[in-house]
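**Student:** One structure, pasted below without further comment.
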Amino acid sequence: TAVLEKEAEETRHTPSRFSLKTALTTRVFLLLVLIYFTHQFSVYGLSYFLPGIIGSWGQLTPLQIGLLTAIPWIAAAAGGILLPRFARTEQRSRSMLMAGYLVMATGMAIGAIAGHGVALLGFSLAAFMFFAMQSIIFNWLPSIMSGHMLAGSFGLLNCLGLCGGFLGPFILGAFEDHTGAATSGLWFAVALLIVGALASLLIKSSSSSTPASAKQARGENA
């Protein structure tokens with residue numbers, strides 16, 4: 001069939017090994033790393049500090065803190081189920097990334113400045129985009145790579161992006177130590193999310209932003 005012939009042709013043109021140089025010279029890949037880094041910074045930063053932020057709202061029991069902390073993650077699960085299905089084209093994926101990151105930044109900002117109930121709504125709004133944006137980011141790679149190159153790039157993207165997950169709690173903790181406010185570091189996360197939104201605008205068609213070696217990695221004749 002035509003599908004099998006296409007897959008066979010892609011296999012013949014796919015490099016037998018993953019090329020770190022190719023990945024790190026592919027503009028779209030580097031933008032995805034930046035976008036995913038800001039995402040993981042915010043996700044893990046909020047994960048670690050949300051219970052403390054909620055605990056500072058008043059005399060709450062550990063059970064109450066746990067139940068309130070779960071609300072944004074219920075929203076995150078709902079967003080992960082409902083939103084990715086709409087990212088069916090490159091243009092729509094780019095638009096959803098930009099909008100999603102701006103929504104996350106807005107939600108974080110609301111959580112940093114609003115009262116208790118409204119702050120929880122803000123955190124839930126931000127979390128609603130967490131899993132949805134992650135799936136869109138990882139679904140972009142198959143448009144520029146395939147085979148071993150794609151597999152290796154998935155691992156590299158995950159590795160580099162997760163560095164944001166390590167730095168998030170550390171930097172937000174440093175802000176809290178310096179200011180005494182658990183929410184102060186959220187503004188740094190807001191700034192990074194805005195950077196991620198701007199970076200999503202720079203992702204263009206893979207045919208115009210991918211070096212020849214990466215095009216070969218997805219089966220094209222460069």
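Backbone N, Cα and C define each Cβ position, glycine as well.
Pasting the relevant annotations from TrEMBL:
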DOMAIN    1-208  domain 'Major facilitator superfamily (MFS) profile'
TRANSMEM  28-50  transmembrane segment
TRANSMEM  62-83  transmembrane segment
TRANSMEM  95-114  transmembrane segment
TRANSMEM  120-141  transmembrane segment
TRANSMEM  153-172  transmembrane segment
TRANSMEM  184-203  transmembrane segment
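Describe each of these features in terms of where it is and what it packs against.
**Tutor:** Long-range contacts of the transmembrane segment (28-50) within its own chain (CB-CB distance under 8 A, at least 6 residues past either end) are made by residues 69, 72, 97, 101, 104, 108, 123, 126-127, 130, 133-134, 137, 140-141, 144-145, 153, 157-158, 160-169, 171-173, 176, 182, 185-186, 189, 192-193, 195-196, 199-200, 202-204, 206, 209-210, 214.
Under 8 Å from some Cβ of the transmembrane segment (62-83) lie the Cβ atoms of residues 46, 50-51, 54-55, 96, 100, 120, 123-132, 134-135, all in the same chain and six or more residues away from its ends.
Below 8 angstroms of C-beta separation, residues 35, 38-39, 42, 46, 53, 83, 86-87, 120-130, 132-133, 136-137, 183-184, 186-187, 189-190, 193-194, 196-197, 200-201, 203 of the same chain, each at least six residues beyond the ends of the transmembrane segment (95-114), sit close to that stretch.
For the transmembrane segment (153-172), same-chain residues at least 6 beyond its ends with a Cβ under 8 Å from one of its own Cβ atoms are 18, 20, 23, 29, 32-33, 36-45, 47-49, 137-138, 141, 145, 185-186, 188-189, 192.
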**Student:** In terms of Cβ proximity under 8 Å, which residues at least six beyond the ends of the transmembrane segment (184-203) contact it?
**Tutor:** 28, 31-32, 34-35, 37-39, 41-42, 45-46, 49, 94, 97-98, 101-102, 104-105, 108-109, 111-112, 140, 164, 168, 171-176, 178, 209
**Student:** Note the mean pLDDT of the domain 'Major facilitator superfamily (MFS) profile' (1-208), expressed as a whole number.
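**Tutor:** 87, rounded to a whole number.
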